[in-house]
């Protein structure tokens, strides 16, 4: 246990750790600042205002067309244009009602009108009157499910495009930024920690009066404390800052989850609270996988630079390669690197993008647990072989 205490002391005394984490916090703080600046443009009222302006422009253009078609009032084009004007005028009226209801905090009315609008859009796309493809129909279905949930649970609106409330901001960070930026930082810090005992490719840790298994366990625990502690610390600080500025938001607010199937996407809304729990579980397993992988690479190369380069190639590198190389997408469900972005996995977005039925939360748990176990066994075997030598 004294060696573990020594390793933990190295984690906290390493000057690069606070420097790297401070840079990360600064970058994520800039993201929060930009979100706060642009968030008003993504409110329900701003969306309704934008729709009103667009519809009004359409009405004006259609009315100009009618002026040139007065002598042909019996034509089909004339009647279609009149019907389109009426449809746009009704939409403008609805958008004004949404604006008014949202300004007064009458969320039930605002969400009900939005749901009715999306229901009409769904009817148009499903009847084939719209030339848009599967992505457009899926987006309409997502919005329909989203507002259907909110009309039954009329919570204050929280933008998920430019979130500023605590919970929604954390989800955005863990979807768009932290999985990649933090992984690079974590791999760098882990490499420094786990290769520190190697000098000229000799493991000085073997000279300590410790059992080889205890040495490995101590290194693993120190690595987990470093990565999980740093990750949770960054998220906690950013959550507190966002919450102090804009509030925590509601854990009951809906989050859209998509399940890719052969017959088509299945879309549903779950609470942010239940969604976050799954994300945390998957993220913790991903970080533990990073720890054991770097420890294994450190044992193979016994040097900082090659261990770090291979770690970067295997984790973020292979993750990016999966996005580009089509054959890798087919086996992506069984690659632990595919689960780098826990939010995209749990939400089903990655499964939809890769059109892979198996790329989901359940498979992620299985793949990561098996990968951690296999690499741990390989570390133990390599340690046993070295010990015999």
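For all residues, glycine too, the Cβ spot is worked out from N, Cα and C.
Listed features, source TrEMBL:
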- 16-36: transmembrane segment (TRANSMEM)
- 177-195: transmembrane segment (TRANSMEM)
- 216-245: transmembrane segment (TRANSMEM)
- 275-298: transmembrane segment (TRANSMEM)
- 305-325: transmembrane segment (TRANSMEM)
- 359-381: transmembrane segment (TRANSMEM)
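Between the transmembrane segment (305-325) and the transmembrane segment (275-298) there are 3 or more Cβ pairs closer than 8 Å, counting only residues 6 or more apart in sequence, so the two stretches are in contact. Same-chain residues lying 6 or more positions outside the transmembrane segment (177-195) and placing a CB less than 8 Å from one of its CB atoms are 7, 10-11, 14, 16-17, 20-21, 24, 27-28, 31, 219, 222-223, 226-227, 230-231, 234-235, 287, 290-291, 294-295, 297-298, 301-304, 307-308, 311-312, 315-316, 340-343.
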